[in-house]
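Below is one structure, written out as structure tokens; the observations come after it.
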Amino acid sequence: MFIIPDNRFAFSPGQFSKLLNPKSLNAFYALGGLAGLEKGLHTNRDTGLSVDEINVDATVAFEEVAPKGTPKYGHNGDTEPEVKADNPGALPPPTVYPAGTPFSDRKRVFRDNTLPEKKSKTLLQLAWITYNDKVLILLTIAAVVSLALGLYQTFGVKHEDGAPSVEWVEGVAIMVAIVIVVVVGTLNDWQMERQFNKLNEKHNDRTVKVIRSGKSVEVSVFDVMVGDVMHLFAGDLVPVDGIFISGHGVKCDESSATGESDLLKKVAADDVFAALQDVANGKAARPDLEKLDPFIISGSKVTEGTGTFLVTAVGVNSSYGRITMALHTEQEDTPLQKKLNNLADWIAKLGGGAALLLFIVLLIKFCAQLPSNPDPPAQKGQTFLRIFITSVTVVVVAVPEGLPLAVTLALAFATTRMMKDNNLVRVLKACETMGNATTVCSDKTGTLTQNKMTVVAMTLGKSTSFGGTGEVLAEPTEKPAKKVDITTENVSEADFTNGLNKSTKELIIQSNAVNSTAFEGNEDGVETFIGSKTEVALLTLSKKLGSKPVQEERSDANVVQVVPFDSAVKYMATVVKLDNGNYRAYVKGASEILLAQCTKVINKTSKDDSKTSEDGNEASKDSQKFRVTDLTEDDHEMLNATITSYAGQTFRTIGSSFRDFESWPPRELEGTTELTAKDFSKVHKDMTLVAIYGIQDPLRDTVKDAIKDCQRAGVFVRMVTGDNLLTGKAIARECGIYTPETGGIAMEGPVFRRKSDEELRELVPHLQVLARSSPEDKRILVRTLKELGETVAVTGDGTNDAPALKMADIGFAMGIAGTEVAKEAAAIILMDDNFASIVKGISWGRAVNDAVKKFLQFQLTVNITAVALTFISAVASNEEQSVLNAVQLLWVNLIMDTFAALALATDPPAPSILNRLPDRKSAPLITLRMYKMIFGQAICQLGITLVLNFGGPKLLGYNTDVEYEKESLNTLVFNTFVWLQIFNEINNRRLDNNLNIFERITKNWFFIVINLIMIGGQVLIIFVGSTAFKIHPLNGKEWGLSIGLGAISIPWGILIRLTPDHWVSALNPHIHIRMPWGKKKPAGSGKSVLDGDDTEVNAATPVATKEGTPAAEPRPKPSADDDDDRSFDLPLRSWTSLRGERARQHIRRGFREYLHDQKAKVKDKSHDGKRPKTADVKVLERPRSL
């Protein structure tokens, strides 16, 4: 790290590591401060690196930049440190960067910003992991013993003339079957690992803003170089180490990087170096010297402010890169995977019990027959081994190793396909949870709308305006408001622009350019503005008014202080020093909030008002300026009416104001070291209104249909927006979210957050629009919904949205507009910020859950049939042989585990998947309809195979005394059994009672191809596998019989579906079986998991209660033909009203409420029961629906 050959920079990665290991002001001073870093890294704090840099020509020595007398290697003096062989970070960079490529010298010395890829497991390692299964190992031992005995019989025992010597074949066939199982499992694991690695790479890649050749540009985080000047914005997750150049109010949360829980304020590097220089010159040290912090650490989060910093370490040389390969985390098992693993263990135990019982029964029979058995010892040994192998094979068949494979395949397939639908899944469990989401709390801007903002209307002071004359959307339930005349002159945008005088244009331009974080850049080869879309719209308007480049406007302005945007107060501010020595604070934010703080307004803004003086001469300089007049009550009403009009036309309304000060900071802010929005509110009064902007952001084309799909799927959509209430309601009505005629409620955040918990529980089920909301409002909404038993999906883009995203069952972060902190907190990233992608995610989530249930239904059917058939036929056989031998069972196991998992886990979601309500969180894994299909098909398959096995000699004329005909009958049974599974697999494509099992089958080529492979494999086995499988080729009649009997699965499935569910439920109404995949039934409920109820709540259809509050209306239980698997489960929203008194008493609503309850109990004891107990107080409850 210290010794780099041909190093043309003044520093090495090892020297930079001393800056932050730990933070060292001494090292910062020794490297020459910011000026030394600039010179030593061949960069510039203002213009950054050159985009044309390839090689670095000049060489800068350490002594040229460091203070005189500074040792080059710190404690080692000027002696080169020894490289420890066991320190991988100290080894020379292994990557070779071709000469002539951009920044080749810089990359060679300091590396690039990538971490070494995690070494993937090789195919052999994966194969060994797959093989390390107790049952497979047991079967291998049996196969080896069988092969040894077979070889002895083949070569050591005399055979009759013409008898084939093939006793060794069975052992080899079992081994081959084991190899096939291992190979298929290995390839599946390898493919899956590759897919997740690709997803991780996609997630890790993001863009950051750096300055190159004097221009701000967006580059991939992997392309950041040492020497780059990078922008810092609130919400950024810092990807590299560096030194803070300058900025406004930058504070970082370094808890994830250093463990420091406090927010750390960053101080400009020059200020820190000056303080250190004073100490070096013998002056007294500043009292806060040790607290000065110019260090930017990778892995930290920017919580406040904006600024720039100089990059000093990237990739493995950065502090975050050295500490951990943070992005190389293993995927944890999802809840469904854990549930299925438990189920697989439970089934395996049952299968193991059946196998043990079979082995004991067959062993007793074998031992009882030994005295009369004329076979030689070797043959007897082979018979005993066959009994053992048959029993072990039953375990193999019973162990559903394909069950975890099915959910893993479904998740892998779904996440890959979801990536194409612009859903990047970061947390696997969200993929299955989102299918059962019951409510979505969505942002408006960019999610429901296109985030292509344009200023289409503007009212300048009270003198002139353009646009905003369209029809205002009114609510049918609203009373006509008081008529207010808008007297502002309305002109075309061209006339508006041409009519403004110079000072007014300058005021608008400066208020937008200086008080903004957006900047000019290049996007897809087009010069544009980059940043907040609202600010981009305002800067685009300023450009039409003739503004200079934004960076030039900001450079010309003497910016004194910046107050970053705060979602709590809905505004941002910038203070500049004017040429006359005064100070001006520009404020931009929510129009009605700014207007409430204004007492003045600009007037006389057009050229006509100040063109000539009274004597006809050219107007004086003073008359060229805009004028400021008092804001009357009538003016307030008119401007509020303007805001209402803009909002009713679905415009986002933004206000702009200013206030002049003689000095800064003013008296009210004296002693304030760090200006926040809360502090600024002390002087945010007596403002002068500049303008009200109406910014249009059209709805996305797909939003209305997507919201209809959600409502059809039983998912309640709520809009949570920072816009004012009128804009929110207008847009929500336009896209179909807000329906006041059915009892829907729209509310503002400040009103919402003042509600009590009881009021919230009454209100939230009917809340459709939450306007002027803060991140805390969103968190309260999510918490309340979860308390009501909802499965909540929520979208967020800001840093402050992180708590709500974490709290929600599924957090969606915006891929375009979202901050890095929001993305880290979210489970899924919407790459296109589009609401329609959420609906696609819900579809895929349901497809994952359905895929697992389809496979489970198929697997359990085969398990029951195969184990029962093997057991019955082996016990009934005189030779203790099952009708399905070990090799045949292994082929069946391969079909039902691996092939079926591939086929059923890859079904894409059909449109009809949204035609049902979501499952509740406690819904059983195996539903009533699944039980009905599993046992129905198992009865059918067992009936057919047992009739063939035992009735075949009489019904079909087979003479079982002849070995050939006996094997032909066994082959017919085996072939029929396999065809029953193939047809039943098609039957299992549906879980509901609909009869169309071929719906969208052509959309799943996996299913078609895998079934063709299974059919091809079976045909091949029957014709050429006679020796290994101990079968004989079948004739045409037998093939027709096998396929015909197998096809009975489909009409039998139709008959099962037509059987009403409540008939099946009524068969055993009092049976209570505790399944390992389900939850305990509530005590005292008196119902089994299969029992239902007569009503189901529909929260989407409010009706009025006696108190006039909308409540949920009960609806009849769906019929058996409805596409709803929840018919026999308690409804999701019913659980909140079915809690017992004891349960309600023990629900902690919050920490403060909990402490209140505990204090009340203590007081009760001290008063000896004289005052009423807390539990006796009547609690306001939701209306009971059951």
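Cβ coordinates are placed from backbone N, Cα and C, and glycine is handled just like the others.
Note that TrEMBL annotation is computational and uncurated.
Taken from TrEMBL, the feature compositional bias 'Basic and acidic residues' applies to 75-85.
Per TrEMBL, domain 'Cation-transporting P-type ATPase N-terminal' is recorded for 104-146. Across all of the domain 'Cation-transporting P-type ATPase N-terminal' (104-146), the predicted model scores a mean pLDDT of 77.
The domain 'P-type ATPase A' annotation in TrEMBL covers 204-326.
Annotation comment: TrEMBL describes 882-1057 as domain 'Cation-transporting P-type ATPase C-terminal'.
Taken from TrEMBL, the feature region 'Disordered' applies to 67-104 (among others).
Per TrEMBL, region 'Disordered' is recorded for 605-625 (among others).
Sequence annotations record features per position, and here TrEMBL assigns region 'Disordered' to 1099-1128 (among others).
Taken from TrEMBL, the feature region 'Disordered' covers 1150-1186 (among others).
What TrEMBL records for 135-152 (among others) is transmembrane segment.
Positions annotated as transmembrane segment by TrEMBL: 172-190 (among others).
The transmembrane segment annotation in TrEMBL covers 346-364 (among others).
Among the features that TrEMBL reports, transmembrane segment is placed at 384-414 (among others).
Annotated transmembrane segment per TrEMBL: 1005-1027 (among others), in sequence order.
Annotation comment: TrEMBL describes 1039-1058 (among others) as transmembrane segment. Here the transmembrane segment (1039-1058) has long-range neighbours at 932-933, 936-937, 940-941, 944, 948, 956, 972, 975-976, 978-984, 986-987, 993-995, 997, meaning same-chain residues at least 6 beyond its ends whose C-beta is under 8 angstroms from one of its own.
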What does the DSSP secondary structure composition of the domain 'P-type ATPase A' (204-326) look like, as residue counts for helix, strand and coil?
31 helix, 49 strand, 43 coil
For the transmembrane segment (1005-1027), find every same-chain residue at least 6 residues outside the stretch whose CB is under 8 Å from a CB in it, and list them.
164, 166, 169, 891, 895, 899, 902-904, 906-907, 971, 975, 978-979, 982, 985-986, 989, 1033-1034
